[in-house]
Every structure is written in structure tokens, then in C-alpha cells.
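Remarks on the structure that follows.
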Amino acid sequence: MTVTDAPPVTGWRRLDRRSIWVEAVRPAGGLLLAGAVAVTLRGWDRLGWIEPAIGAVVVLGILVLSAWAWATTTYRVTDTHVELRSGLLVRSARSVPRDRLRSVDLTVDVVHRVAGLAVVAIGTGRQGGESDDELKLESVSRAEAERLRSVLLLRDAAPAADAAPPEPRAPLAQFGASWVRLAPLSLAGLVAIGVLAAALGQFREAIDYAALWGSGPVRSGVAWAEGVPLPLLVLLALGGLVLLNTVLSTVLYVVSYGGFRLVRGDDRTLRLTYGLLTHRSVTIEEARIRGVRVDEPLLLRLGGGAKARIVAAGLGVQDGEGNGKRDSDLLLPAVPVALVHRVTADVLGAPSSPAAVPLRRHPAAALRVLLLQWVPVSLLPALGLAVPAALGVFPHWPWQLALVLVPAAAAGAALEFGNLGHALSGEFLVARGGSGVRRTAAVRRDGVIAWRLRRTVLQRRPRLLSVTAAVAAGRGTHTIAYADQDEVLAVAAEAVPGLLAPFLEPDPVDGSAAQA
Amino acid sequence: MTPVPTSGAPRLRLRAPAHHVDPRAVTWWRLQNALSWGAVLLAVGVVLVFWRPGWLVAVGIAVAVLAVADVVVTPPIRYARHRWETTGVAVYVREGVFVEDWRVAPLSRVQTVDTRRGPLQQWLGLSTVTVTTASTAGALKIRGLDRDAAVELVERLTAATEATPGDAT
């Protein structure tokens, strides 16, 4: 980053001309691939001239649209604003003040890499609609992308006086062999199998089942399976799924996160780079980071791993789940938990990770509330199946089988209760919850921009309260669920001095019904 | 199941915000509920004209009872629960009948203050004031204020918001 004195870019620019082809490759390629698969399954001899003709026209249409999109898209960076004009039919012009920019996210997938291009997404931190929180340029040349990154996150203001001296560029985290050990603990492989199966399902009408059934391998397979006892068969199938998941998850993990590097730039930014096929490079301004979230899916947690995400506005993920399309808030993929704690402490500038402090547990009454939430719902499938069974139009075993959901739901509630907790740790408010995935959010107390407190009728008598700290970041909800009312009110009042305190009053012991 | 105060922690609760919304809000919610339940009842009624099994009659009666309760009983409770207050530093709103909901936002973090009036509200001379912050979780709504009081509130909040520098995140 030697661009400290680069002049600001002025004048309207177009995207790279090559983007016409690059943007067309994916839809056109997908179409051609789908066509090829369909034709292969139906048999090449049934292919006439009309299908290729339609294909050619559609591909041409895609190219024309792509060229038009290129011709109508311009952008510029002025001293104060970033502006983007685009739109085929509906012209849109967006202008974002440069001091509102939070992150610059470069994505280079295989096609873009071949063409020497990159997609630049600029996080703006707006909370309006789905597409509002980022400004996307697809695509510009690699050099232009790097230049934009340097120019955009460069503030003319000198770093704050308390800034640490520039550190040596040792990465905060770097992909290692020990990370891969944790990859099989994800269900990503099974998800991939599901997606693949669904995609193949599109072609099910083109499959000649009779021929498939009659084919040699299938017949001998079925004959073999008939000779194996059922429990063993089920075990074998499960084992096969586990094996498949292990292999696929590991491959996906290495392809997605291979080459992971997290470094701190000397311009007070964090930079993440990762990905073997699709290169991802995300730069986040440290001043915009409001906290971190540590996610521990049950399997991963048992294996001693965790993932981490950054809580900051303008990181492109709209759903709090973080499984969203962009993933720009990723801080660490599944890695050993000790590394997560070290890196989060480092990133937050805290002596130790606030996400690892001991938390205050929530009262046992919360377990009852959770059970009342989980268990009745889990009874519904059994009830729904039992009615036709009682009428004699449906067998009995399905509803009996559906009863398995009840202990599962109770276990889910118990798991969630075990995860509940909160704490104040230095500058951070820590909230933990979730059942299958334990989520621990640690957000800066001065980043809390509003409080939202809720309780249902069930929570009223046992004096439980759910407190959400609103943070200007994504969906921005960090909830301390089903906490003891007195305790959590005191914690919330302390977390942001002067905000909640004026609205609190002592609760007379005998006045539980005296609420106006 | 008497609640046991935790060791040392004083018993605390959120106090009620100072102001009620306009009493006409009760009429507004009654009309709203009557209209939405009316649509459901109308649909059930139309079906009953052509087809009248016993269970559907029972469902119809149950829906009618719920509808009457929701028109007669709920709006006054909702009015009693829905209260608001602004201080020099914060906006504080409480609402909710079955799920109680309190929201507090500091004026320094307020991004926009809007008013909104639906057709029924226009007819009754009411307004809903929405105060948004930089988080989607942090929006506060004061529903059913008198129109003029709402305008005055918006002006006051906007002035207070503009007085604070920064981008409220």
C-alpha cells in the first residue's frame, strides 16, 4: 500500500470492457451446461435444429444485455463521495459519502481470474433495504480494484493519537494443517449432496427408469442388498453418508478457505484473503468494528473448534445467521477455539477475548419457558398424523415415530438453556444463546445504539426478561434471552451509562400486579 | 413459584413512560380489528351459505367470539399498555398486550423521525411517529398520537437529532 499520496480519482469511469464477456459467461455457460445435460439424458439423436437455434438466440441476448449493462454503468470517486450510475431500464444513481464507507471486498472467481478482473463490493453500512448496504462494481481490472481499495479506505485524517505504532505484518491468523482437522465436523458436505441431488432432480423426467433399473450394476447392487440384514444396511448407509460428508466437507473447506490470511494493515484496517478457486479479499476499517460473534455448532464445539464473525456495519450480511450470500463478515472459518479467542482479543484490542469470559447463567425458570416453547410444537406432527390413524385411514407407526421429536425438542430446549448467559467484560457486553449452534456475541458497549426489552406472558411471573442490544451492524440484534429481570436490567443500565437508568424503578416485593 | 430475589440484586422494573397516546387510538384499533376480523367472518359466512358441516359452524362461532373479544376487550388494554416519553437524552416507548415490549433509544443515535397516517388514522386525526436508528432492531413507533402533537414531537426530535454531530452509528 504505497499510495499514501495518490490523487483522488475524478471523472466518470466505466467498468472494464472485458466484463461484458465475463458477466455473460456464467448465465450463458449455465444455460449451455443445462442444455447439454438434458440432451445427453434424452439422447443426442433426438436433437433437432430448433434447440441449438433457441440456445444461440438466448446466448446472444445475454451478451447484448451484458454489453448494455456495461455501457450504462459508470462510477466515480470524488473527494467526498463515491457515485455509481447504472440500470438498463430504470436508471439508478447512488452516491455515498466516503466517510461512511466501512469495507472493501474484492472477489475474484475462476472466470474473473482468467480475465484479470475483480468484483468490488463497497460496504456502506446503510440499513435501508436488501441491496442498500453495498455498492457493487462488477467488474473492474485487478489493478483498478486494488487502487480503489487503497483510495477508498484512506482517510486524510491522521490516525488517532492513541494508535498503536505500526506493527510488523505478521498475520493474525494463517491457514494451517490443524484447521483442516476440524472440517469434517461440519455438515457442509451433506448440504452439498442435497443441493446436487436437487439439481439432478430437475432432470428426473428425462431419466429412463426402466433402463436404469434393468442395468447391470443396479441389479447386482439390489441383489446384494437383499442378502444383508436391515440394521446392518442402515448402519452401512449411515457410515457411507458420514464418509461422504467427511470427504466433501474437507474438500469444500480447503477450496473455500485455503490460503486464509488475516493481517492488520498499517492504515488501521484488517485484511482477510482466502479461497483457492474464488479469491476473496476483504478489507475492513478497524474503527468500524463493533464487536465479534463466535459461533460454535454443536459438533464443532465438541471437536474443540469455533468460527468467528465480525460485527460491523456495511459488511453485506443482512440476515443475522451469517449464512447469507456474501459472507463478508467472516473473521475466521472453523478453526481451533484457542485461535478464535486469541484472534478476537487481538482484533478487539482487548487483553483477552470477551467472548471467552465466564458468563452469568440465567435462572432455572428460563428452562421451563424454553420447554413450553419447544415441546408443544414438537407434538404437532404426531398429533397431525394421529388423527387420520384414529380414523383408520392411515397406519399407526408414523405418529408413533413422530413422537421421537418430543425428546429431541426437550433436548434442544435443555441445550439452549445451557447456552444462555451474559456478562459485562470491560468495554464489552457479552450475550450467549442458541441451541444447536452456540452463539456468543461480544459488542462494544459504546456501540449499543438502542435497547429493546421484551417479555411474553410466560416470562412475566418468573420475572424473566429478554434484552436486545441494537448495534449498527447488519440485523444488529444481540439478545440476552430469558435473563433474570433484576440482574439484566442492572447490567443493561451499567453497560450504557445514563441511558436506561432513568426509566428504571424499584419493584416493590408485593407489587407484582401493580403495573399500570 | 414465588420469585426469589437473587442475592444482593435490588428488585428492579421498567417504569411506565409518562404519556398515553390519544384516546381516539382505541377507536382506531377497534376499527382496524373489526375490519380484519370482518374479512375473515365474511369468508367463513360465504362458505357457510353453500356448505354447512357442524364443525365449520363451530369454527365460525369460535372466530366470531374471538373477533368480538378482539374488538371490545383488546383495544383498551392496548391503549393502557402503549405509552411513550421523551427526555432530553432519550425516547422511551412501551407497547404490547401479550408480548410486552419496551424500547429506549438515545437522541444522539436517532437517524430519522417520520410520521405515517393510514386512511383510518387520517379520518380520526391520528398519526404514527417512527423513530429509526442505525439498527433495524432499534426502531421505535408511537402509534395513534394526535396529528398536531405528532407534528410537534417530530419537530422537537428532529431539532434534537440535528444538534448531535456524527453519523449516529
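The backbone N, Cα and C atoms fix where each Cβ goes, glycine too.
According to TrEMBL, the feature transmembrane segment maps to A:20-41, A:53-71, A:182-203, A:232-255, A:369-391, A:397-415. The feature domain 'YdbS-like PH' is assigned by TrEMBL to A:70-150, A:266-339.
Mean pLDDT for the domain 'YdbS-like PH' (A:70-150) in the predicted structure: 80. Against the transmembrane segment (A:369-391), the recorded stretches A:20-41, A:53-71, A:182-203, A:397-415 differ in Cβ pairs under 8 Å, and the greatest number is found for A:397-415.
Take the transmembrane segment (A:20-41) and the stretches A:53-71, A:182-203, A:397-415: counting Cβ pairs under 8 Å, A:53-71 has the most.
DSSP states for the domain 'YdbS-like PH' (A:70-150), grouped as helix (H, G, I), strand (E, B) and coil, give 21 helix, 37 strand, 23 coil. Beyond the transmembrane segment (A:397-415), the same-chain residues lying 6 or more positions past its ends with a Cβ under 8 Å from any Cβ of the stretch are 298, 367, 370-371, 373-375, 377-379, 381-386, 389, 435-436.
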